[in-house]
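Shown next, in structure tokens, is the structure this report addresses.
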Amino acid sequence: MNFTGDCLLYAGYEKLSLSLAVVTILIFSSSLILNISALVIGFYTTAPGPMKMYLINLIVSDILFTVTLPLKIDYYYYFFNWRWGEMACRIMSFLSYINTYVSINFMTWISVNRYYAVTRPHKYNSRDNIMRTKIACACTWVIILVPMSSILFVSTTSSDHETKIRCMEYNKVGDSMYLPPWVTIVMCFIGFVIPFAMMAISYSAVCYTVLSGISKSTRSYRTCKLVACILTEFVICFLPYHASVISYMIHIITSKTVLCENVSYYQMLLHATQCLMKLNCCMDPIIYLFVSSYKSKAKSNSIKLMFK
């Protein structure tokens, strides 16, 4: 497999760059308001429990990533020109990957938690699960943080023929990957495909239990809706990006020559699908507010008033 050499990745994509900047501004504004609101409501209006712990961890991850979005807005506004130095690029990239895979893992934990709550209600005890939930949360952060921290120690910027500095992008096709394509595919399989399969199985079991009448409580129906919302968010936010990465890695493995225009298209596709991934920062707090709204009638009314 051969590469075509130096490549101007973004020739002709000026309008798309500005569109990405506008979309990211909207995501940043919405995410900041929603996540801070959800965090405040979470601390003051809901009792401790596994669901709260998972969702609070999601929100913390979203906030950490949201504060880096102004840098991404600047990058898009100046037509993919990074003006903030090497370390800022590393930190932004690090938090982006952390948010993606921490979110995927906690969304998977939530679905599994709901699976046991609905299909094994006699064995499920929220209080007994709190310690296990704490351990799961701690392990999730460690497992994601340790390998991703390598990003902080490698160069993440590069320059091209236009004398612009790119962040986490490469003007030479042959430099477009840190890892061999097959390793990237394996990582996508572990980080996305397996969690997606677990969520789909949990969702199917929950809905089967509820719709078959095995568990007829109102709470069970709400759980079915919750897991469906989480699965929908998962598909919208994370499936396009990982499908794009996997398909391109397969293209590299199977093709004798990778053309510049293919790489350019892939880079823009990554930016577009990454915008979809950023949407999870807005959707996570909405799901949290959805869950919190059922705790009591008074709390439900206060949450609804926020959105009038």
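Cβ from N, Cα, C; glycine included.
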Per the topological domain annotation in Swiss-Prot, are P48 and T254 located on the same side of the membrane?
no
Which candidate, of N35, N262, Swiss-Prot gives the annotation N-linked glycosylation site:
N262
Quick one: Swiss-Prot says C89 makes a disulfide with which of C137, C139, C167?
C167
Taking contact to mean three or more C-beta pairs under 8 angstroms, with sequence separation of 6 or more, is the transmembrane segment (181-201) in contact with the transmembrane segment (134-154)?
no
To the nearest Å, how far is the Cα of N262 (N-linked glycosylation site) from the Cα of C167 (disulfide bond)?
20
Please give me the CB contact count at 10 A for C167 (disulfide bond), counting all chains in the structure.
22
Which number gives the other C-beta atoms within 10 angstroms of the C-beta of N262 (N-linked glycosylation site), all protein chains shown included?
17
Using DSSP, what is the helix/strand/coil residue split across the topological domain 'Extracellular' (248-270)?
18 helix, 2 strand, 3 coil
Taking 10 A as the limit, how many CB atoms besides its own sit near the CB of C89 (disulfide bond)?
23
